[in-house]
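Read the structure below first, then the notes.
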Amino acid sequence: MNTGGRLIAGSHNRNEFVLINADESARIRSVQELRGQTCEICRDEVELTVDGEPFVACNECAFPVCRPCYEYERREGNQACPQCKTRYKRLKGSPRVENDEEEDDIDDIDNEFDYMNNGGIGFDQVSEGMSVSRRHSGFPQSDLDSAPPGSQIPLLTYGDEDIEISSDRHALIVPPSLSGHSHKGHPASLSDPTIAAHPRPMVPQKDLAVYGYGSVAWKDRMEEWKRKQNEKLEVVKHEGDPDFEDGDDIPMMDEGRQPLSRKIPIKSSKINPYRMLIVLRLVILGLFFHYRILHPVKDAYALWLISVICEIWFAVSWVLDQFPKWYPIERETYLDRLSLRYEKEGKPSELSAVDVFVSTVDPLKEPPLITANTVLSILAVDYPVDRVACYVSDDGAAMLTFEALSETAEFARKWVPFCKKYCIEPRAPEWYFCHKMDYLKNKVHPAFVRERRAMKRDYEEFKVKINALVATAQKVPEEGWTMQDGTPWPGNSTRDHPGMIQVFLGSDGVRDVENNELPRLVYVSREKRPGFDHHKKAGAMNSLIRVSGVLSNAPYLLNVDCDHYINNSKALREAMCFMMDPQSGKKICYVQFPQRFDGIDRHDRYSNRNVVFFDINMKGLDGLQGPIYVGTGCVFRRQALYGFDAPKKKKAPRKTCNCWPKWCFLCCGSRKNRKAKTAAAEKKKKNREASKQIHALENIEEGRVTTKGSNVELSTEAMQLKLEKKFGQSPVFVASARMENGGMARNASPACLLKEAIQVISCGYEDKTEWGKEIGWIYGSVTEDILTGFKMHSHGWRSVYCTPKLPAFKGSAPINLSDRLHQVLRWALGSVEIFLSRHCPIWYGYGGGLKWLERLSYINSVVYPWTSLPLIVYCSLPAICLLTGKFIVPEISNYASILFMALFSSIAVTGVLEMQWGKVGIDDWWRNEQFWVIGGVSAHLFALFQGLLKVLAGVDTNFTVTSKAADDGEFSDLYLFKWTSLLIPPTTLLIINVIGIVVGISDAISNGYDSWGPLFGRLFFALSVVIHLYPFLKGLLGKQDRMPTIIVVWSILLASILTLLWVRVNPFVAKGGPILEICGLDCL
């Protein structure tokens, strides 16, 4: 419809359409002028009603919208007209939705609640006087029908078009001469065209032509709106759906506009009893300690006091572990919606780029074949190849790793197209070919079997090459390794070598066997020199951040260990469902996936799967501020790792009441408000001084900083210097850090980029910068993952826990006892280091964005090694009680019996309810309880002393890389015994408790029937210790059911020393010697 640059308004109820020109009087046109228009949402033609009238959705502006889009907006949208924002009214034939007004003029009972069948056409009949009005209005018929179909209707009610007219006055006042009514209540048209209509504008001195519709700004805005609508509302054909015939289609808005993920709360029937039981257990604990403290054991006061102290510590530890699980949730992703939104047909993919980091140190402990499988699974991931880059960090500068990666890049040219052609899962060839599964399931291509056999043969040849490299690397030449061109290998000295970067894939001309592009594969070995602290894995990861920022600068990062391959090829898409969600993705710093493992024995003797932590604790944290970072299988937002604060949500203006005079609040409120403002100001100042956070990205891009409360414009040079103090002396990397959405600088040659990449991995690059303090992986602990996640949560970010049905990542775990204990030792040592540092969550990060329940979980993660002290004491008490005949509890009354039974019952029922909502088996739960005792009395105890020596005395401990088995299908390493001092404390506990049980039973047999009653309580505690240590005992015995001699010798020696010392000291026997009393029996 050609409006000629005039303002327009309309009313469906009045059956009129009014156009006002600056030079002409108002005219009235009927809705027949809308015939043949096109829907502005889906571009379909606006249909006619059963009465032959054009369908009009909005009664105010007559914005052209077809019936399906009208129904969708009412059912799923904001229920308002896209143009004038007026709420849609229910028309005849439409089902009722929430907040619909009751209308007496619509009699449509049949369709009022018909939500499924909303395709019927039936509307309120328009006035019969409309056609009469049209014939007698005085306007030629040609003028009325001269508007071309598909003409655009301007947006009328944007409040920013004219500052002199408020948004609530965008209404058109029709002169009284136009207000005649027809016999059906609808207004008649202008009866006499010769009568001049006198317009009454709201601002008489202003020309209506300058309202903006004819201006360039209006036109540009309209074109932009049309473009966005066309992109969002693409039509998707339905295939194979019996409800749709061929050719039927629906707008994409049904799926493409929906959220990409959703929370699934735990059922109230499971979570409410669980919460009530936690509260009940707190009450029982209070009554229990009330009884224990008020009823001491006078003849064994020392044992009683020690036991009460240990029990109080266990209760505090339980509170720290329990309450972060108060709000457990699960999540579900919608990969089809992600594709509809960001992968439109015929257009380049709009999915964000991802840089993947793989870290390795020693190729002899981390076999190159495992690293190669991880890299191959990354290169074959189901993601656009131009948006994936894989960076492998070789922190040992081993030529074996370099050569193995070169062979991997060559084999990837065959493996990647094979995986994508046949949708192979998993895409790590070692695990794909060794799994016993039906590999022909869902495979219909006739050439699949032939190509699979050929690929398996190629992979076996690839394995032979890797094994040959490993065999050659066993014996290092005296002069060191040399490369193929005869030059010495730069990494011959692992502690003194330059930085090395090699791009294997992703460069021009390197394609797969089917001539398709491959993801980028980059080898990186950072520079190492004597005298520099390289910060182990955290330093290597920060080097990868800088290298990737220079070479690819993807906005998202994924880090995996060298033994954690991608088991689910859609893992990156799963993470993007959270990161790229337009509503909730902006505040997510990382998406953590659970760790799943291959090659573990069926019974999981040493709780390697850690199911309780990943399926119960992490789900509980996801309902708070998000799970903690566990070191691998995590997708990060690059800006969060750069130390930027999370975007703050704008608070709505507070609703205040102005009905009371101000003097009413002067007396009571002024002093309080003044104190509150002062406290808030001091709190903000303290936060700025404590956190030293980086300025917001907007201020960095604008070149503005805040100094003493005033904004000061800095020159480009000064701003560059400030950024270089934080990020380092690389202008290319500093420029990439300022790009919130990633991307590369234009006109940058590859040679210049590689030169900059070498600079950012030099060992002195981080000096006098914020790296490791506020930026990247945080230094100060061997478990850098806890510190890094804690820093980001303190900046106000939140994390997400993603648990897809097909595990995203799988890895290998140490399955023999010694390696498992060393792994737990390293984790506990890192927690002790954090506890003794300034980053301890007990006193760090207050006033930031960290929630208090989330803080409890971080406190628990650094406090748990200290539990080893009361635990080892408490596990020794049963044996001491059996040897001395004393007990930590006085004679039990009925009240005490009820308390003990209630306490043990609450512990058991709490575990059962956790297993229900966490979907954890009882075997996994019990193995976790057993290994908590085993690790607590061995690895945690040693970690505590090593951490104290390191922090207080400066005695450093070597970082031990956990060995990864290359082939553990037969569980051969399960029975492998390796001597370590960690085995001594639990073995000693086992021996003394077994001795105590034997002594206690022998004493009861010799003393008669009356001594059996007190014995049962002592036996119960001693047997519980032995049962918890039973997996440890099986690990000591090994496959031959024979305990190693060295363990027996050390344990017997230690137990003998303790026994002799006890007999010599024995504080529970009166010092004056035995007390002789007259028995009272006359023996004569």
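If you go along the chain as it appears here, the first residue is 1 and each next one adds 1.
Glycine is no exception: its Cβ is also placed from the backbone N, Cα and C atoms.
Database features (TrEMBL):
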- 39-85: domain 'RING-type' (DOMAIN)
- 130-150: region 'Disordered' (REGION)
- 274-294: transmembrane segment (TRANSMEM)
- 301-320: transmembrane segment (TRANSMEM)
- SER359, LYS365, GLU366, ASP395, LYS536: UDP-alpha-D-glucose binding site (BINDING)
- ASP395: active site (ACT_SITE)
- LYS537, ASP561: Mn(2+) binding site (BINDING)
- 673-700: coiled coil (COILED)
- ASP785: active site (ACT_SITE)
- 863-883: transmembrane segment (TRANSMEM)
- 895-913: transmembrane segment (TRANSMEM)
- 933-955: transmembrane segment (TRANSMEM)
- 976-1001: transmembrane segment (TRANSMEM)
- 1013-1033: transmembrane segment (TRANSMEM)
- 1045-1063: transmembrane segment (TRANSMEM)
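Counting same-chain residues at least six beyond the ends of the transmembrane segment (274-294), those with a Cβ under 8 angstroms from any Cβ of the stretch are 308, 311-312, 315, 322-323, 326, 889, 895-896, 899-900, 902-903, 906-907, 909-910, 913-914, 917.
Averaged across the domain 'RING-type' (39-85), the predicted model reaches a pLDDT of 80.
Note on the domain 'RING-type' (39-85): DSSP counts are 9 helix, 4 strand, 34 coil. With a threshold of 8 Å between CB atoms, the same-chain residues lying at least 6 positions outside the transmembrane segment (1013-1033) that come near it are 605-606, 817, 875, 877-879, 881-882, 887, 889, 892, 927, 929-931, 933-934, 986-987, 989-990, 993-994, 996-997, 1000-1001, 1003-1004.
Taking the C-alpha atom of GLU366 (UDP-alpha-D-glucose binding site) as reference, the shortest distance to any of the recorded positions LYS537, ASP561, ASP785 belongs to ASP561.
Here the Cα atom of LYS365 (UDP-alpha-D-glucose binding site) is found 13 Å from that of ASP561 (Mn(2+) binding site). In this structure, the CA atom of LYS536 (UDP-alpha-D-glucose binding site) is 12 Å away from the CA atom of ASP785 (active site).
The separation of LYS537 (Mn(2+) binding site) from ASP785 (active site), Cα to Cα, is 10 Å. For GLU366 (UDP-alpha-D-glucose binding site), other Cβ atoms within 10 Å of its Cβ number 24. LYS537 (Mn(2+) binding site) and SER359 (UDP-alpha-D-glucose binding site) have their C-alpha atoms 8 Å apart, to the nearest angstrom. Here the Cβ of LYS536 (UDP-alpha-D-glucose binding site) has 17 other Cβ atoms within 10 Å, regardless of which shown protein chain they belong to. Rounded to a whole number, the C-alpha distance linking ASP561 (Mn(2+) binding site) with SER359 (UDP-alpha-D-glucose binding site) is 6 angstrom. Taking the Cβ of ASP395 (UDP-alpha-D-glucose binding site) as reference, residues of its chain lying under 8 Å away and at least six apart in sequence are, in sequence order, SER359, THR360, VAL361, SER525, ARG526, LYS536, LYS537, ALA540.
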